[in-house]
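Look at TrEMBL and you will find 50-69, 100-122, 129-147, 181-198, 229-251, 263-281, 288-307, 319-339 tagged as transmembrane segment.
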């Protein structure tokens, strides 16, 4: 936060483990929560549907990938595939077993994606770095092939793209962008708190130990196998839930092209740009990736430049490519680290003059 903390240190173990440790932070968090709760009442339905809802859903997937790559150190290019598993699982449950509440469908979709993640996470026990990334890329292509060829997943629809049935939560129909925003917001809040606690639990410490040095982790008695597979399972769970929400809340349709390799790359861009190994970086990176095409379109319109949609998409990929190179080489912790450095200089000014 942008204020001096007077070096107040936690004086108890519970205070040290608190997610929001200072009273000032709690006040700001409460004001932020109030602003978020009132936002749908003032924002237009288009703004909610086109920006805020996809931002929240993709943030869930970005958090999942960040747990795997940032905390466990296991690269993955298969996030889109695990999102597809979650989406198709939720769709089959909603259409074949409508008695099950839709929230339970989303949870089961995440569990199914976690199971698939464990199976396809087995190569991580033998592979590392670049080779593991290639293995997860193969998973992406396999899942795309499976859901595009087996008509049972999309109920034998001729086009392969199906409409999502209308659903309700606890008897409340989710039929407006405002209701969709509140539903997604609650899920994002719960999964963010879960991720924050996971990273500070013994599971998160095992992930980071394996990430830093597998041999040292084994010498400390950590099961590297269990740590890696649990990271793949939890990461896939997050992606599976995000995939189900992407189909049911945002797209309202289900087709495998919505979970292509481009989606996997985009989620990876989010965490690299936002900050690998930080939960907050997942949100910052997601916002950045979603705002870049909007910014380019706005600038092109304001300057009356004859730039086509395809050209803007190409410029978008160029910008992401340059930023990936910059952050990997210069600032591996992404935008989060840049913000923290600026914050340190701000709160210590003018004492840091000349340093």
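Any Cβ shown, glycine's included, is placed from N, Cα and C.
Nobody curates TrEMBL annotations by hand; they come from automatic prediction.
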Highest-contact recorded stretch vs the transmembrane segment (181-198), from 50-69, 100-122, 263-281, 288-307, 319-339, CB pairs under 8 Å:
50-69
Find the member of 100-122, 288-307, 319-339 that has more C-beta pairs under 8 Å to the transmembrane segment (229-251) than any other listed stretch.
100-122
Which range wins on Cβ pairs under 8 Å with the transmembrane segment (50-69): 100-122, 263-281, 288-307?
263-281
Please give the sequence-distant neighbours of the transmembrane segment (263-281): residues at least 6 beyond its ends with Cβ less than 8 Å from one of its Cβ atoms.
58, 61-63, 65-66, 69-71, 76-81, 83, 140, 192, 195-196, 199, 288-289, 320, 323-324, 327-328, 332-337
